[in-house]
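Asker: Quick one: the structure is below, and I'll ask about it shortly.
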Amino acid sequence: EHRASSSPAVAAGSEAEEIEVLDSEDVLPMAAEDHLSLLYQFDPDNTGYISTEKFRTLLQRHGSELDPHKLEVLLALADSNSEGRICYQDFVNLMSNKRSNSFRQAILQGNRRLCSKALLEETGLSLSQRLIRHIAYETLPREIDRKWYYDSYTCCPPPWFMITITIVAFFLYNGVVLDRFVLQVTHPLYLKNALLYHPQLRAQAWRYLTYIFMHAGIEHLGLNVVLQLLVGVPLEMVHGAARISFVYVAGVVAGSLAVSVADMTAPVVGSSGGVYALVSAHLANIVMNWSGMKCQFKLLRMAVALICMSFEFGRAVWLRFHPSAYPPCPHPSFMAHLGGVMVGITLGVVILRNYEQRLQDQTLWWIFLSIYVIFVLFAIFWNIFAYSLLDLKLPPPP
């Protein structure tokens, strides 16, 4: 529960501090003196709360000066509150493009629905505005989140992570260093590089990550690049680089570790672990919030994504058991795909479901994160001890 100390007005005697805080948040287009007198008028006892009746009076008086979407959210907040009072800090947070869990829950649990014209149906939209709104409808299941995202998105920073990963994977290494865009698994240089994961070189820790920059054929690279751009870029635009990069890298690491545990004699190439983590998290989020997802042709898009994933996975399985071009070293393993999927439907779902909420406040997040950490620790000890205990016949180092 919010205390009075969390309010912008901490004490009646600290007028200068109150003026500075309120003015810096740019709550309403009013002077700082008006903020101060307004706060004392509606919250004379410095409780940190405003009654819903007085709150409505405030909205009626200054509603024309607010963004229409924010005004609608404020009205929803007033209508949904059952205790007859609203935390003043929530109001300040909204006007400064911030919101707390309690604020969001007050909206979601209220009886009033946001019933204005849908974002996509508004007229006079530019191409960039329509693109941003389409992305919001394809990735977010609730109208309140979609409105919030559209109002706060500035494209700064741009979705740099997925674009950078794709450029590095496609151009810098394959095109510049190797002087060719794709190395087939039948190419003599396939195993002789410092990037792919090889069971004999598992002590070189960077290989558990850098294997994503090598691909087993043009079709392997093409499908991963397409899925990365079509799914990863919109997700990063909505959820930010930090969350999406975490899901992606977690899927990559889980993929190589899954191979080292379940397919111990095989190498690994390709970014399928990270790609499958993102795609499976997105698809699972759509299924879990089917009624709320307003994206067009969502069933068709799911079918296309599943077909592409199934084709690429089926190809990886076939290639793994196909006679190797360089025996005794087998073709790359397909277990990285499954490791990515498991990360996507656990950690990924929690991250994509909780838009703009602090993950450290989510119990399910800590449960899945603990499971992931336990798996990583188990795989590390497995790599240290199991290979020697099982006395496996590993392929020779490249």
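Easy rule for this one: first residue shown is 1, then count along the chain.
Every residue, even glycine, has its Cβ placed from backbone N, Cα and C.
Nobody curates TrEMBL annotations by hand; they come from automatic prediction.
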Asker: Can you dig out which of the ranges 208-227, 268-287 TrEMBL describes as transmembrane segment?
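Answerer: In TrEMBL, residues 268-287 carry the label transmembrane segment.
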Asker: With CB pairs under 8 Å as the measure, which of the listed stretches 268-287, 299-321, 333-352, 364-390 comes out on top against the transmembrane segment (244-262)?
Answerer: 333-352
Asker: With contact taken as 3 or more Cβ pairs under 8 angstroms (pairs 6 or more apart in sequence), are the transmembrane segment (268-287) and the transmembrane segment (364-390) in contact?
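Answerer: No, the stretches stay apart by this measure.
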Asker: Just checking, which of Ser272, His337 (active-site residues) has the fewest C-beta atoms within 10 Å of its C-beta?
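Answerer: Comparing Cβ neighbour counts within 10 Å for the active-site residues Ser272, His337 gives His337.
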Asker: For the transmembrane segment (364-390), give me same-chain residues lying six or more residues beyond its boundaries with a C-beta closer than 8 angstroms to one of its C-beta atoms, as numbers and ranges.
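Answerer: Beyond its ends, the transmembrane segment (364-390) has Cβ neighbours at 199, 202, 250, 253-254, 257-258, 260-261, 264, 343, 346-347, 350-351, 354.
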